[in-house]
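Student: Dropping the structure in here first, questions after.
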C-alpha cells in the first residue's frame, strides 16, 4: 500500500487551551513530516469534514443543485417527516445542452458516413470493404449504446450532519444511536495471492470506522480455510484494542494503519494534540511488531504443529502432519502439508467468533497512562470493539463451489444467523475504509425519504493508491467511475462493481421493493432458501424489519445450523445463485447480481464523497491487468448469453438502464473490427497501392471528422465528470491495447464455451509482486512490477500490430524516397494519409510499446529516440533491398 493524500482539515480554532500552533512536531524518519492542529476540539466519533460531516459542494462550477422534495407516496403515508439525507446535483444547462446537441450531430454524421460508404462501394479489396462497413456500423451502434445513457448525469452527496441530527443527536432518554445494523463482509481467496497484511488492514479499517460499535459486525470469509488467516485475524483483533481507541481519540484518517503510517504529512484533527506524538510513536511500534508476528505466522504454526505432532506420534505411533491451533486443537481447515479432508478444496466448514459482541453502552474507562507497558491515556474514549467473525465454507471435491459468489452467499447466510443486520457491505481484501464516515454516507441513501425504501444498493467509486503517477495502463479508470457511473445515477442507478457496495439484505434475498411488493405474497420456504430453520426465521425477521442487537446463544443446535448453512451442498435444490443472493455460473457475479436486483424494480445510488470512501490496490503489471480485463469482459459477455440477457429479462428494468446493461454485455465484440483495422498497415508491405475505400481522401476526411467529434464530446465529459485529459487519453489507449489482446481473448472464450460448454476460468488477480520484479533488485521501487511483462498468448496480436506499424512507417518512408519522383499528387496524398493512420495507432498503443521494453521503460522518452531510429533503419533496408532487386531480380521488385 502506498501513501495517500494529505487529510483535508478545518480551519484552526481556539480551544481555550491556546493549542493553535501550526506545527506540533516532526519525525526524523520521514513517516510524519508535519502534524498541524486543525481542530483540537474535535472528538473521534464527532469529527466532521467535507466529505465526512455534511453535504459536500461540488469542486467545480459545472454542477448545480436539484431541488428535491419527499416523494408523494411518503407524504400520503405520513412519512413526510422523514429527513432528506442527500443532495442531488445536475450538470449546468450551459454545458449539458451543447453536449447533447453534439451527440446528436455525431449520430447524424456517422449515419451519413456509413451511407456515403455504401453509395461509393469502390475498393481494391471488396471483402475487406464489406467487413469494414459492417465494422463501422457496429462501431456506430456500440457508441450509441454507450452514449445514450449519459444524457442526464447526476451527482449525489450524503448529508452526514442531517443523519447525525436525526439518528444520533437529541435522542429521547439519552438513548444510543438509532442507526440500523450493518454486516461487513471481507472476502479473500488465500494468503498467498492476496497478502495477509492487506487483508488485516482492511479488517482494522472496518473495526475503526465511525459507526455505532454495537451496530456493525465484520466477517472475514477465507475461501482457502487457512490457519494463517485465522490466527492473523486473532492477532489483528488484539492489536485493534489499541488501534481503534487511538483512531477515535485522535480522529485518525485513514484508519488502515499501513496507509496511515506511510503518510508524509497530515493535518491533525483530534482533540488531544499534546498527547498525540508519544501515543503515535507507541502505536506505530506496536503495529510494526504486529507486522512481524504476521510475517512469522507460517513458521510459528509449523513449529507449534511439529511439537504437537511429535507428542501425538509418541502416544499412538501416528505420523499425521496436522496443523494445531494455539489452544491445542487440530485445525479443521487446510493444513500446510495437505491431506485428505484438510487440503484446499476439501475441508470442513469453519465459523469462529474472534471478537465477541460489545455491550450497548460505551466503555469510557479506557487504558490508563500509568501503565508503563501501554502509555496511552484513553480515559473518556469508547474502547469497545465490534464483533469479528472468521468464516470458511466447507469445500468438498466434486461439488461446484461457485467461486466468489458462492463464498459471499455462505457469508450472507452465516451473518443472517449471527447478526441479521438489514444492510450488508462487501469488500475485496485489498480495499480498506479510507473515510471513516463512509458507512454513514451509505446509510444516508438507504434512509432517505425519497427513494430510500426502494434503494437496493449503494455503490461507491473504486479508487486505487498503488498506481504509477502516469497511470500507464489506465488503472484508475476515471472515465468509467466518474463518467459512466454519474450518468447511470440519472437513470435507475449504477451497476454493482464487486466491492465497496452496500446492499439492502432483502434485495439480495430476491424480495421485491416496497413499491412493487404485494402484501402477503412473499414465499419463505426451504425450496427457495434451504433447509435451515434458523435461517428461515431470520428471513422472516428481516421482512418484518426486525433489527437484532442481542447475539444468539451459541448452543449445540445453533452451532449445527451454522455448520449447515456453510456446507458445500446447502445451495443444491434451492434458488441460491439464481433468484436469491449473488448469481452463479457467470464470471462477473457483480454485474449480473446488480442486474437481477435492478430487474426487480430496485434502484441504486452512486455515492460521492470529497474524501474518497474506500481505497484499494490495482494490478500494475500489464499481464495481470489484462487477465483482469479478460475476466471482466468475458463475464459480461456471458451475461448476454444467459437467462439475464438485458434484451429479454428484467421485467422492471427502465429502458435506458436496459440500454446501458446491453452495452456492458456486448462491448468486447467491438475488438474484432478494431483488430482488423489495426492490421491495415500491412498493406504498405504490398508492392502496389491498395486502398480500402475510394475516393480515399474523402474517406479519410470523413473518418477524421467522426473521430474528432468523439474527442469533442469527450471534452464536455471531461468537464462535467471532473477528470483530466490525461485520464481520458489513458482510457483511449488502454481500450485500444485491450482490444488487441484481452477483448479478443474473451470473445474466443465465448466461442469455446459455445462448443465445449466451459465458461471463463476464474483467476484471482495476484496482489503479490511478480518474481521477476522481486529478483531484479527493485525493492525500493514500489512500481517495479510495472516494468515486468510476462508473455502470454493474448499479447501476440498486440505485438504483431506494433511491429507491423513500425515496419509500415519505415517502408512508407523508403517508398517515398524510391518513388517520390514518379508518384502522382494523389499517390503522395494517399501515402501521407496512410502514415497518419499508422502514427495514430502507434500513439494509441504507446503504453504497450513501453511494456515490452521492460526496465528500459523507466525512461519513457526513450521510445521517442528508438522509434525514429527504427523507422530510418527499415527505410534504409527497404531502399537497399529495392536497389538489389531492381538490379538482379526485377520481377520481385516491391
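Even glycines carry a Cβ here, placed using N, Cα and C.
OK, TrEMBL features for this one:
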type     : residues      : note
ACT_SITE : 223           : active site
ACT_SITE : 590           : active site
BINDING  : 194, 223, 403 : UDP-alpha-D-glucose binding site
BINDING  : 404, 428      : Mn(2+) binding site
TRANSMEM : 97-115        : transmembrane segment
TRANSMEM : 127-146       : transmembrane segment
TRANSMEM : 659-679       : transmembrane segment
TRANSMEM : 699-722       : transmembrane segment
TRANSMEM : 734-752       : transmembrane segment
TRANSMEM : 795-818       : transmembrane segment
TRANSMEM : 830-849       : transmembrane segment
TRANSMEM : 861-881       : transmembrane segment
Student: Would you identify which of the binding-site residues 403, 404 has the most other C-beta atoms lying within 10 angstroms of its C-beta?
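Tutor: For the binding-site residues 403, 404, the Cβ with the most other Cβ atoms within 10 Å is 404.
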Student: Quick one: Cα separation, residue 404 (Mn(2+) binding site) versus residue 194 (UDP-alpha-D-glucose binding site), in Å?
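Tutor: Given the Cα positions, residue 404 (Mn(2+) binding site) is 14 Å from residue 194 (UDP-alpha-D-glucose binding site).
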Student: Give the nonlocal contacts of the transmembrane segment (127-146) in its own chain as ranges (CB under 8 Å, at least six residues past its ends).
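Tutor: Answer is 106-107, 110-111, 113-114, 117-118, 121, 484, 659-660, 662-663, 666-667, 669-670, 672-673, 676-677, 692-693, 710.
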Student: How many whole Å apart are the CA atoms of residue 223 (active site) and residue 403 (UDP-alpha-D-glucose binding site)?
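Tutor: Rounded to the nearest whole number, the Cα-Cα distance is 9 Å.
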Student: In the same chain, who gets a Cβ under 8 Å from the transmembrane segment (699-722) while lying at least 6 residues past its ends?
Tutor: 59-60, 62-63, 91, 95-96, 98-99, 102-103, 105-106, 109-110, 113, 116-117, 143, 147, 150, 153, 478-479, 482-483, 486, 692-693, 728, 833, 836-837
Student: Among all protein chains shown, how many Cβ atoms are found within 10 Å of the Cβ of residue 428 (Mn(2+) binding site), not counting that one?
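Tutor: Excluding its own Cβ, residue 428 (Mn(2+) binding site) sees 24 Cβ atoms within 10 Å.
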Student: Measuring Cα to Cα across 194, 223, 403, which the record gives as the UDP-alpha-D-glucose binders, how far apart are the two most distant ones in Å?
Tutor: 15
Student: Within the chain of residue 590 (active site), which residues six or more apart in sequence place their C-beta under 8 angstroms from its C-beta?
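Tutor: Once residues fewer than 6 apart are set aside, residue 590 (active site) is near 495, 496, 497, 498, 501.
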Student: Within 10 Å of the Cβ of residue 223 (active site), how many other Cβ atoms can you find? Include all protein chains, please.
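Tutor: The Cβ of residue 223 (active site) has 23 Cβ neighbours within 10 Å.
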Student: Cα distance, residue 428 (Mn(2+) binding site) to residue 403 (UDP-alpha-D-glucose binding site), nearest Å?
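Tutor: For residue 403 (UDP-alpha-D-glucose binding site) versus residue 428 (Mn(2+) binding site), the Cα atoms are 14 Å apart.
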Student: What is the interatomic distance between the Cα atoms of residue 428 (Mn(2+) binding site) and residue 194 (UDP-alpha-D-glucose binding site), given in whole Å?
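Tutor: With distance taken Cα to Cα, residue 194 (UDP-alpha-D-glucose binding site) is 10 Å from residue 428 (Mn(2+) binding site).
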Student: So if I draw a 10 Å sphere around the Cβ of residue 194 (UDP-alpha-D-glucose binding site), how many other Cβ atoms end up inside it?
Tutor: 24
